[in-house]
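Comments concern the structure below.
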Amino acid sequence: MGLPEGFRWGVATAAYQVEGAVHEDGRGPSTWDVFAHTPGRVRDGHTGDVACDHYHRWPEDVALMRELGVNSYRFSIAWPRVQPSGSGAANPRGLDFYDRLVDALLAAGIDPAVTLYHWDLPQPLEDAGGWMNRDTAYRFAEFAYRAADRLADRVGMWITLNEPVVVMAYGYAFGVYAPGRTLMLDALPTAHHQLLGHGLAVTALRSRGARRVGLANHYSPAWPADPSSAADRDAALAFDGFMNRMFTDPVLSGAYPDLGALGGPGLAPYVHDLDMSVIASPIDFLGVNYYQPTRLKAPPADGPLPFDMVDVTGYPVTGMGWPIVPDAFLSLLRALRGRYSNGLPPLYITENGCSFPDEVGPDGTVDDTARIEFLDAHIAAMRTAIDDGIDIRGYYAWSLLDNFEWAEGYHPRFGLVHVDYETQKRTPKRSYGWYRDLIAASSK
Ligand code: BGC
């Protein structure tokens with residue numbers, strides 16, 4: 001079977017990972033600026049101060065995308081550019097940047113897909129409690145309104161949140177990402193407040209004419225370490241609730257999954273009247289970000305979580321050490337359809353990709369065969385899911401450019417285009433040419 005009419009082939013980036021220019025045009029500080037500038041937080045002290053300098057080099061990057069043949073570019077809007085203190089009037093110079101980018105993309109035949117929150121919370125909001133504070137949800141809706149007010153007439157697709165589970169887990173529970181808090185299970189309210197922010201933002205976006213609205217979640221199939229062990233199976237179920245269901249069930253079915261395995265009162269104390277119906281506001285699509293499966297075993301009796309993660313063995317791995325398992329991608333897509341059946345909106349694969357330690361060779365090329373194999377196998381898995389009748393309408397490779405990979409700094413390279421951070425020279429890798437040919441062939 002072929003791809004659906006109008007299938008989107010895209011590439012994705014996020015503001016803090018590529019833009020740089022952190023002090024320009026009135027941008028305020030974000031949690032990631034503060035975190036990256038705190039010694040010991042990011043490998044080798046790297047920061048997003050310059051990143052890929054996309055803020056200035058976007059015309060070159062748009063040209064690279066036009067040449068690649070993608071029909072959509074997923075990028076995020078830096079909230080601290082639009083509202084430097086996290087609330088109040090919009091900073092017009094911040095919005096001007098995205099305005100120019102959107103116009104240039106449209107002129108190149110590329111539909112903008114905007115993510116509103118890819119983890120760069122304005123620092124003043126963090127100082128007031130961040131996502132632990134319910135008020136942040138309302139501030140987020142206000143930001144969404146201001147962004148859409150300026151751009152909704154030209155942006156084809158809006159993604160409210162990117163991977164709220166990562167913000168909750170890495171940012172507030174384990175402290176390895178900004179804002180670096182180590183609240184463990186006390187971080188749970190950040191789940192509810194982000195989802196409330198999502199629901200409120202859906203209404204705010206639609207009120208300004210946004211055409212297609214959804215969110216992008218991170219999914220990782222949960223494998224019991226020993227499938228014959230009931231305790232390991234329980235650990236996998238608990239992880240599945242935490243990782244795969246907590247941010248999807250409420251949006252698609254209006255209720256949290258059973259989080260009993262986490263202990264404590266769960267989310268009930270934070271849920272006000274009507275919150276769940278706000279969170280379940282109808283969306284037009286679900287964004288799926290997939291990288292790898294996770295293997296779980298029963299935790300020790302005094303463990304802080306109801307699961308322990310163990311390595312997935314027996315598969316090739318990426319430069320991050322992540323197992324390469326395209327079949328897990330297919331089973332995830334099938335599981336989503338099985339779980340939500342008629343309530344599942346159309347899916348877009350909003351992120352999928354891999355890092356390898358790519359280098360520019362003596363002949364000036366970057367031979368990233370392993371990335372081509374990764375993308376080929378995952379795209380094949382997606383096509384099998386489409387043949388199965390799962391409604392998937394687009395695929396965005398992560399990422400257009402090598403970029404700031406959060407706590408790992410500039411070490412991992414996820415791009416289809418190599419970036420030399422000394423000179424900012426962009427060198428399309430072999431995978432770029434491969435993706436270009438794939439897009440051209442599938443558009444015939
Ligand atoms: C995030 C990206 C990140 C990628 C690779 C996703 O979880 O949305 O920002 O670069 O994974 O780690």
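Positions of Cβ are set from backbone N, Cα and C atoms, glycine also.
Per TrEMBL, the feature active site, proton donor maps to Glu163. According to DSSP, Glu163 (active site, proton donor) is assigned to coil rather than to any helix or strand. Sequence-distant neighbours of Glu163 (active site, proton donor) (same chain, 6+ residues apart, CB-CB distance under 8 A): Ala216, Asn217, His218, Asn289.
Look at TrEMBL and you will find Glu351 tagged as active site, nucleophile. All protein chains included, Glu351 (active site, nucleophile) registers 23 other Cβ atoms within 10 Å of its own Cβ. Taken residue by residue with DSSP, Glu351 (active site, nucleophile) is part of a strand.
All protein chains considered, the CB of Asn162 (substrate binding site) has 24 other CB atoms within 10 Å. Residues or ranges marked as substrate binding site by TrEMBL: Gln17, His118, Asn162, Tyr291, Trp398, Glu405, Trp406.
Sequence-distant contacts of Glu405 (substrate binding site), defined by Cβ-Cβ distance under 8 angstroms and a gap of at least six in the same chain, are Gln17, Ser355, His411, Pro412, Phe414. Look at Glu405 (substrate binding site): DSSP puts it in coil. The number of other CB atoms found within 10 A of the CB of Tyr291 (substrate binding site), across every protein chain shown, is 22. In sequence order, Gln17, Val42, Tyr177 constitute the residues six or more apart from Trp406 (substrate binding site) in its chain with CB-CB distances below 8 Å. Secondary structure at Trp398 (substrate binding site), taken from DSSP and collapsed to helix, strand or coil, is strand. Max Cα-Cα distance over the annotated substrate binders (Gln17, His118, Asn162, Tyr291, Trp398, Glu405, Trp406) is 18 Å. Neighbour density for Gln17 (substrate binding site): within 10 A of its CB lie 28 other CB atoms from the protein chains shown.
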